[in-house]
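Participant: The following block contains the structure, expressed as structure tokens.
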Amino acid sequence: MLGAIGVVFGDIGTSPLYALKECFNPEHGVPFSTQTVYGVLSMLFWSMTLVVSIKYVVFVMRADNNGEGGILALTALAMRASSGGARTIRTLMLLGLLGASMFYGDAVITPAISVLSAVEGMEVMTPALQPWVLPLSLIVLVGLFLLQKHGTHVVGRLFGPVMLFWFVLLGLIGLFSVLRSPQILVALNPVHAIEFMFRHAVQAFIVFGSVFLALTGAEALYADMGHFGARPIRYAWFYIAMPCLLLNYFGQGALLLREPSALQNPFFLLMPTWAVAPTIVLATAATVIASQAVISGAFSMTAQAVHLGYAPRMKILYTSDVEIGQIYVPVVNYALLLLVVAVVLAFGKSDNLAAAYGIAVTTTMLLTTGLVTVVMRNAWKWSLPAVALLGTVFLAVDLSFFGANLLKVAAGGWFPLLLGGLIFFLMVTWHTGTQLLKARNVEGGIPLEPFMEGLLSHPPYRVDGTAVYLTPSIEFVPLALLHNLKHNHVLHSRVLFIHFRTQAVPYVEPAKRLVVKTIGDNLYAVAADFGFKETPAVDEIVRMVGERLGIVFEDMETSFFITRATVVPSQLPGMAMWREALFAWMQHNSAKPSDFFRIPANRLVELGSKVEI
């Protein structure tokens, strides 16, 4: 449970730094009064209860894909459970890709707004420190991204204790404030939220977008389920995170009743003067942890997208020999670094960034609701009325937040939408392009087994050693083999044709990983199944095949053959020429097979071919 507190609740746990302050932003036009404080807090309390506690913790977390959560795992589960045709499956896939794409917008905004809001606490100590806020925030953020290549397994042990201390601090300072003004607890009554919405309908709708800031990070409860399990996350939420968060929000509300001038920064003004400086240090540590969780999530999401065929191959490094989930994706890391620095410089203050925050997350939450209803109906076999009732309630809440956040588009919300939309377009282009490439290969493909039978009837010279051909299909002859026979006129004494298949589950049991078929004299067709959270290791597969067949494949006598296709855009049916050119560029710049499949470069033979799509 301590590990879950350190990773899962970092984002939502740092929301008190800015959420309530943003609700009373003067630009929203909310008249300040005791009743509006009650109304805003009541909206916040019931939103957290409905969205986080009921929707995510009770229902969404039940939709685990063999223990894994997250939008892509949910999409794979919904696609597997769907009873619809190809069009329905494609629609579900597109919804999942859109939700995953929007996550990257969140991955840029979260580190920027979290660290900025923590460092801005220095202004509470003295306005003279204001010029240092931006430089110090950038130093913290740049340092965080530069440390990623070393992994987080060492400092990660501190995440749990630091965040536990953070939540205890949130709860205690909030409790002391509530005890001084206990009347704030009347805001627990939903009547105050309803009255606020009726009396100040326009302002309440605008504030709804700011209330949502208190919920950002809720999706992490589901996304990180595979790392910690559902039960520890549920316990940590109900017994630690939620009580401490609510105490702090209500404590800030109580402070506003006593001192309306505290609106400038109610979180830090809740502290005694002597505690502000150490709290800034702790808050910065908490926001770094929250940022780390989002960055690690971006790495994990990218790896899943690559394995599911939604993104080009990328270099994925493993930073820990102990924890399998500790990965580092250099391209994603430096892209996020550049974007985060650009966002901090462009927006300058957490108040300005708050306008950009939320729209991407609400989109992901809305799509999650849609996918979960599919799982409820098709996988859990719930009755249609039950699914319709729950789906309607959740969609009504999600659409309200989505609509309120749409008002922020002009003020900065356009950025995560633009970024998410661009990534979505690239993912769809890549997926469509790979399908076209497979179709072209099948059209001109030569069936493997008849070809090998004919070849062995008049066999070429057999040379010592083992040849491993990585192929997109074990039904057809790999182009690399055709090139090898054409130019070298030899066949190795042992030949493996290996095809990697990604299944719609996170992990595949080792006993079910291989399907090995003998197709001739020391010729074997191998289908190797992997989950979408696993990265294929060719050496390991060759070893497993050897154990299955009772053969020892010596490393230095085994060569790997891969065909690297050069895509040529054409007028053939498919995508527009400019999209085909984009796909060709992405394919050309994808990671080398030796890097992705972890093949020693001195044992790899890469043969090229041109394919028109």
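Quick reminder: no glycine exception, Cβ is built from N, Cα and C everywhere.
As listed in Swiss-Prot for this protein:
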TRANSMEM  40-60  transmembrane segment
TRANSMEM  93-113  transmembrane segment
TRANSMEM  127-147  transmembrane segment
TRANSMEM  158-178  transmembrane segment
TRANSMEM  201-221  transmembrane segment
TRANSMEM  237-257  transmembrane segment
TRANSMEM  266-286  transmembrane segment
TRANSMEM  288-308  transmembrane segment
TRANSMEM  327-347  transmembrane segment
TRANSMEM  356-376  transmembrane segment
TRANSMEM  384-404  transmembrane segment
TRANSMEM  409-429  transmembrane segment
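Are these features on the surface or tucked inside, and what touches them?
Facilitator: Proximity of distant same-chain residues to the transmembrane segment (93-113), defined by a Cβ-Cβ separation under 8 Å and at least 6 residues beyond the stretch ends, is recorded for 11, 18, 71-72, 74-76, 78-79, 141, 144, 216-217, 219, 287, 290-291, 294-295, 297-298, 301, 305, 310, 336, 339-340, 343-344, 347, 350, 353-354, 356-357, 359-361, 363-364, 367-368, 370-371, 415-417, 419-421, 423-424, 427-428, 431.
Listed as Cβ neighbours of the transmembrane segment (127-147) (distance under 8 Å, sequence separation of 6 or more from its ends, same chain) are residues 111-112, 115-116, 119-120, 284, 288, 291-292, 295, 333-334, 336-337, 340-341, 344-345, 348.
Residues 10, 13-14, 16-18, 20-21, 115, 117-119, 121-122, 124-125, 140, 162-163, 165-166, 169, 173-174, 177, 248, 251-252, 255-256, 259 of the same chain sit 6 or more residues outside the transmembrane segment (266-286) yet have a Cβ under 8 Å from a Cβ within it.
Beyond the transmembrane segment (356-376), the same-chain residues lying 6 or more positions past its ends with a Cβ under 8 Å from any Cβ of the stretch are 51, 55, 59-60, 63, 71, 74-75, 77-78, 81-82, 92, 95-96, 98-99, 102-103, 105-106, 109-110, 113, 209, 212-213, 215-216, 218-219, 222, 343, 347, 382, 386-387, 390-391, 394-395, 398-399, 401-402, 405-406, 408-409, 411-417, 419-420.
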Participant: So which residues does the transmembrane segment (384-404) touch in its own chain, when a touch means Cβ under 8 Å and the partner is 6 or more beyond its ends?
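Facilitator: Apart from its flanks, the transmembrane segment (384-404) reaches 47, 50-51, 55, 59, 205-209, 212, 215, 358-359, 362-363, 365-366, 369-370, 372-373, 376-377.
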